[in-house]
Amino acid sequence: MSAVKFNQQQLSVLDEADLQQSASELESLYQSNNLSLDNLLLLLEVSNALYRAGYPVIDDQSYDQYLDQLKDKDPVHPYLTTVEPEVVVDSKTVPLPQKMLSTDKAYSFEEIKKWSDRILKAADELDVAESDIQVRVTPKLDGYAAFDDGQTLYTRGDGVRGQDVTRAFARGLQVANDAERGLGPGEIVIKKSYFDEVLSKHFENSRNIQAAIIAEKKIDANIQKAIDDGACVFYPFAAIENWTGHYQTLLNDFEKIVESIWNAVDFDIDGVIIETTNEEIKAHMGATRHHHRWQIAYKVNDESAEVEVVKVLPQTSRTGRLSPVAELIPTKLSGATISRVTVHHYNMVKTNGVGPGAVVQLVRSGLVIPKIEKVIKAAEPELPENCPSCGSHVIWESDHLMCPNKTDCPAQTENTLIHFFKTLGNNDGFGPKVIEKISGFNVKHIHQIYQLTIEDFVKFGFGDKTSQNLVDQLKASREIEIEDWRFLAAFGVSRLGGGNCEKLLQHHTLTELFDISVEDMVKIDGFAQLSAEAIFEGLANIREEFFKVYQLGFNLTQTPKLSDAGNSDSPVAGKTLVFTGTMLQGSRGDMEKQAKGLGAKVAKSVTGKTDYLVTGEKVGEAKIKAAQEKGVTVISEGEYLTLINAESGL
Ligand SMILES: NC(=O)c1ccc[n+]([C@@H]2O[C@H](COP(=O)([O-])OP(=O)(O)OC[C@H]3O[C@@H](n4cnc5c(N)ncnc54)[C@H](O)[C@@H]3O)[C@@H](O)[C@H]2O)c1
Ligand SMILES: [Zn+2]
């Protein structure tokens, strides 16, 4: 444990926390390695108070190690069996509708494996098949824990009693991802980019702001603006970005999955949450008084190191872009030895002087894969003149060096083939090694692979069994059902990842897409002129190959068309509605769901794009007037029900 020195802000919080010990006494406690129970508790309480106020003195891992010490000394100590209290905003508390717990923590993959063994054991005891064990990975938001039962918003408090902070919604706080109210536990969080760009001028950290959003006293104008701009939100965990899949897939692809979830949201996070979604297992494992046994937080500490670059080597991707990979003098970082790192792009290599002898600062900031944070000492940049795969002369395209050889560059063709089979995801066997081998025999296109026979594979040097298996896998890839958007994404057209493919296929069938114009594409939500042009060109380039492959007959499921959803005859179909106030007919959440079912878009706040503001009881005159000024039609709940022609209950 490194030395602790309190700064001015921490000292002011220490005063508030009304602690008896002087700061210098505390500092010496932090450095002693054999603490009495009382002092250990004091340390935990002081650290916690400072952490909750936004001025931590030690990192999370150290804090959790002190917690472990307490566990050793007194396993049933009350501090371990309740959740650590948040900063108190006012004194009145109310019981929470449901107990809110803390989480168990893991700082290594081994601990995650042990946790998964416990899940496996529970499944075994319940006779749940191993193949049915699903897990969900979500970003662990680092905000202010709260609970929304649809009527009231509560703080977590001590986990059993919290405070009523419904006023945050009255102040305009929105639910993230356009989700409804009443989804239970979540966090009040502030968009990172917004904090950096706007709020960091006025506030030191997000924690001060979170507290202000729910505080009883008058709210700061900058914070009110952040709420109005949608930058502060309540994020229910039920609606959060997630990866859900088989637990073994998670263990196999742990780093990649964790990294993608770590980067999935524009909010501060301090780890990822991993939990099983199997209700039977959850019920069986239950909870301690501190955490659910079926859930665990995976955390990583920020660590950095200064490392010398040995050389910078290019790697050609499937699109022809060259990625610079810096080879490093092997260095230990958060327990792993790092010997290479990808540099952002070649322009960075050039302008920051990344080459032999340069010194870079590597940071592993919660991420499993380290990144170059900055170049500490520049050197002569090492830039390639030719593609490492085909030898073509490379050219600059904005920040990137590109291999212009679209038809005959082995790296580009191989990576395209690997991408195809990997994206389909319903087969096994066509990984980098196999693809490299068959490319050596002039197999360059997807449709060619499908023509290969067992004899061909044997000729290429595969064993009899492997050859049989490869042919079986090709068959499986056509027979096992996959979504049409995934099939299209497998062709690797630039800007046509799964998400965009799905959006396009909600409007056009797969084969139609090859005939729509740039203008048609721009009309679809989410496609700007430039991406539409790039996609149009990309589709034209793959057209011939696409149809050759498509005609082999894959088992594709069609993406539902947007117009199929809901009841398009309804007078509210396609309209944007906002519900406000207390509804008589049912909960607001139910009414919103019903409206969505009728094809309406439901928004949380009134903008110029809103068609109807549906008002329940207790809606202020000012709100109604403001909506009318924006040209929004304001109707009562009764008028709305007449409009949609639903007289009775939902
Ligand atoms: N550095 C320090 O001085 C210091 C001091 C006190 C606590 N801490 C850290 O905080 C931990 C305890 O804090 P805690 O009990 O508030 O929180 P926690 O870290 O135990 O996490 C539990 C909370 O995570 C939240 N959460 C965020 N995203 C979630 C998601 N996707 N799914 C489910 N839950 C999600 C929930 O609100 C829940 O209440 C300690 O173990 C330590 O790591 C550090
Ligand atoms: Zn090339």
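Positions of Cβ are set from backbone N, Cα and C atoms, glycine also.
TrEMBL does not curate its annotations; it predicts them automatically.
Keep in mind it's a predicted model, so treat the numbers as computed, not measured.
Thr103 (NAD(+) binding site) falls within a strand when secondary structure is assigned with DSSP. As annotated by TrEMBL, NAD(+) binding site applies to Asp60, Gln61, Ser62, Tyr63, Asp64, Ser102, Thr103, Arg156, Glu187, Lys299.
DSSP assigns Lys140 (active site, N6-AMP-lysine intermediate) to a strand in the three-state reduction. Summarising the annotation, TrEMBL assigns active site, N6-AMP-lysine intermediate to Lys140.
Taken from TrEMBL, the feature Zn(2+) binding site covers Cys387, Cys390, Cys403, Cys409. Reduced to three states, the DSSP call for Cys390 (Zn(2+) binding site) is coil. In the structure as shown, the Cβ atom of Cys390 (Zn(2+) binding site) sits within 10 Å of 18 other Cβ atoms.
Applying DSSP to the domain 'BRCT' (567-650) sorts its residues as follows: 27 helix, 18 strand, 39 coil. What TrEMBL lists as domain 'BRCT' is 567-650.
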Point to revise | Number of Cβ atoms other than its own within 10 Å, given for Glu187 (NAD(+) binding site) | key: 24
Study note, to complete from the structure: Between the C-alpha atoms of Cys390 (Zn(2+) binding site) and Ser62 (NAD(+) binding site), the distance in angstrom, to the nearest integer, is 51
Check your understanding: Out of Asp60, Asp64, which of the binding-site residues has the smallest number of neighbouring Cβ atoms within 10 Å?
Key -> Asp64
Review point. So of all those recorded positions, Lys140, Cys403, Cys409, which one's Cα sits nearest to Asp60 (NAD(+) binding site)?
Key: Lys140
Revision key, fill the gap. Nearest to Ser62 (NAD(+) binding site) by C-alpha distance, among the recorded positions Lys140, Cys387, Cys403, Cys409, is Lys140
Practice item. Tally every other Cβ atom lying within 10 Å of the Cβ atom of Cys387 (Zn(2+) binding site). Key: 23
Exercise for review: List the recorded positions Asp60, Ser62, Asp64, Thr103, Lys140, Glu187 whose Cβ sits under 6 Å from any atom of ligand 2, in sequence order.
Suggested key: none
Practice item. Based on Cα distances to Cys387 (Zn(2+) binding site), point out the closest of the recorded positions Asp64, Thr103, Lys140, Glu187. Key: Lys140
